[in-house]
Amino acid sequence: MADTCFRLHTEFEPTGDQPEAIGQIVANLGQGVRDQVLLGVTGSGKTFTVANVIAACNRPALILAPNKTLAAQLYNEFRALFPDNAVEYFVSYYDYYQPEAYVPASDTYIEKDSSINDNIDKLRHAATHALLTRRDVVIVASVSCIYGLGSPEYYARLVIPVECGQRFSMDALMTRLVEVQYQRNDFDFHRGTFRVRGDVLEVIPAYHHERALRIEFFGDDIDAISEIDPLTGEVLGSVGKTVIYPASHYVSDRDNLVRAMSDIRDELGERLREYQSANRLVEAQRLEQRTMLDLEMMEELGYCNGIENYSRHLDGRAAGQPPSCLLDYFPDDFLLFVDESHITVPQVGAMYKGDRSRKSTLVDFGFRLPSALDNRPLEFAEFLTRINQTVYVSATPGKWELDRSQGVIAEQIIRPTGLVDPVVEVRPTRGQVDDLLAECRARAARDERVLITTLTKRMAEDLTEHLGNMGLSVRYLHSDIDTMERMAIIQALRRGECDVLVGINLLREGLDIPEVSLVSILDADKEGFLRSTGSLIQTFGRAARNAAGRVILYADTVTASMRAAMDETARRRERQQAWNEANGIEPRTIRKSLDTPFDAIYSAASEGGKGRGRGRGRQAAPAVENVAEYGTSPEDMAKHIQKLEREMREAAKELEFERAATLRDRIRLLRERLIEA
């Protein structure tokens, strides 16, 4: 395993509270402190602080984010700070996911349906590959990192080392490749496949798009190994020896598979006896039919659809024992940074119960064996046993993190940019819509943006319609909008294609929009989750990246949460102003690129192989996409992509595969245009 040092590339030096926070965290880690909090306000450079801590400690790190959007944003930033090190991205690879489920009340079985994002799958493989081959690794992950992934021991054991001069016949290598889930395809050469031409075998590893390995044989010996461009065949360089990692994280050798299949049959027999003794013959027949079909597929192909449901048997685990996950791929001394910990920690704790509830019904009614319950996310207690030293990062850390850290807190209140927390003003609810309309018009005239939060979906919809009727360009952000469309709407706001964004619970953490100079909170005096002290402080922070930032609370009374949030904001504002005066700094609005956080994801997935997709370029895609049918705005393009995805899935269900392939290629082309837009 390569032991390379982290090298931080930046023209900036730590300033403000950053040097003290970095020194305090590094010292605590050196003294073995297990849990601590980095309490940093919006715009104070928490990511820069974390990067400096990683570089100083020189240990592998996991950055845990609460959603894909924030994970992509962090991945982008860490790649820029550590260009010479392995910064990888690990989130759910599903573009669309409908889990398997059963509704007893209506006797409705819902089959699993999903669409896997090939780019994200490649990046997941790149993440585990990096962890097994080097130590200078930063993985930015979502809560997907606590879901079952397959044993790292089996994964590492089944690698295929190849070396020039090695006695290794082509037939033996092809057999090994098939065992670790590579597929032979002499016509459609893409990631996870290999092809053979005479005495030459070429393979694209699961963690690459842009490079393939060419292995040349002389008899039963490996004569030469080269890296090639999979599209053009151009030789990029010679390789003395290399290692090919499995194409799936759920791999197993033949002996282990035979043992697992025997265990599955034993469990099936036991479960069938239970059903028969309870006279549940329908469930018994259903389970036997489904399980035997899976076993036949495993016997013939080495895997089956939904093989992860048998992961307990494949791993040789006891009933109830937690599965392996990404955390098990890290060395024991890794560092964990939990971003937006007040959201992420409860999210980690909630995953197990939701998954268990759905699968218990499938098991009870004979759709799955009881062992399927052990293909699950970690319980919170299991998560805690797998993590090492942890830094919880938030502007509003939760009670659990504060208790866990026992008062070990590094505060980061000063913003190096000099930006102060926004002025907070309380106004009465009487006439609030007209007052808000005037404020929005004033901001639009200055080419500034406005965020408005409401308590209900109905109110958000009505307000959006009213403001639109009054001549403002306004968009509505709600929970039904997927990640890509949400980013398109935010980009439209930043570009000035709309002036106002209305939402409910989506305008808090992680929205980095420097163009926003006004945040307006309606019904601010309605105590509850959306109007708690932490929620209010987070929402205030959306106006903290603009020198003219201001917050208006519409309320008839000042609640305890409002008072606490305003007092804390005032404290931070005063401290920043004092620092600015002492250092002669004039606050200036942040200037930020209009690139989306996902730009780095797609560029990383196709780096060095622009336009190659799955190794075929854009040959099957239409030469020109008719933009007139959906418009040119990012929001319209995102909606059109969703429409095409629905049509693609419908075509696949109807076995119209050529049409589905054409739609798929149109979607790829549109996604590229959306990123470039």
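Every residue gets a Cβ built from N, Cα and C, even glycine.
Owing to the predicted nature of the structure, the values given are computational and were not obtained by experimental measurement.
What Swiss-Prot records for Gly40, Val41, Thr42, Gly43, Ser44, Gly45, Lys46, Thr47 is ATP binding site. Thr47 (ATP binding site) falls within a helix when secondary structure is assigned with DSSP.
If you look up Swiss-Prot, you'll see 27-192 marked as domain 'Helicase ATP-binding'.
Feature annotation from Swiss-Prot assigns domain 'Helicase C-terminal' to 432-594; the stated evidence is sequence analysis.
Under the heading domain 'UVR', Swiss-Prot lists 638-673, citing sequence analysis as support. Over the domain 'UVR' (638-673) the predicted model carries a mean pLDDT of 76.
Residues 124, 306, 358, 361-362, 365, 367-368, 645, 649 of the same chain sit 6 or more residues outside the motif 'Beta-hairpin' (93-116) yet have a Cβ under 8 Å from a Cβ within it. Summarising the annotation, Swiss-Prot assigns motif 'Beta-hairpin' to 93-116.
Cβ atoms within 8 Å of the centroid of the Cβ atoms of Gly40, Val41, Thr42, Gly43, Ser44, Gly45, Lys46, Thr47 (the ATP site) belong to the same-chain residues Thr49, Ala395, Gln412, Arg415, site residues excluded. Residues within less than 8 Å, Cβ to Cβ, of Ser44 (ATP binding site) and separated from it by at least 6 positions along the same chain comprise Gly16, Asp17, Gln18, Gln412, Ile413, Ile414, Arg415, Pro416. Other Cβ atoms within 10 Å of the Cβ of Lys46 (ATP binding site), summed over all protein chains shown, number 23. Look at Gly40 (ATP binding site): DSSP puts it in a strand. Cβ neighbours of Gly43 (ATP binding site) (same chain, under 8 Å, six or more residues apart in sequence): Arg415, Thr417, Leu419, Gly541, Ala544, Arg545, Ile590.
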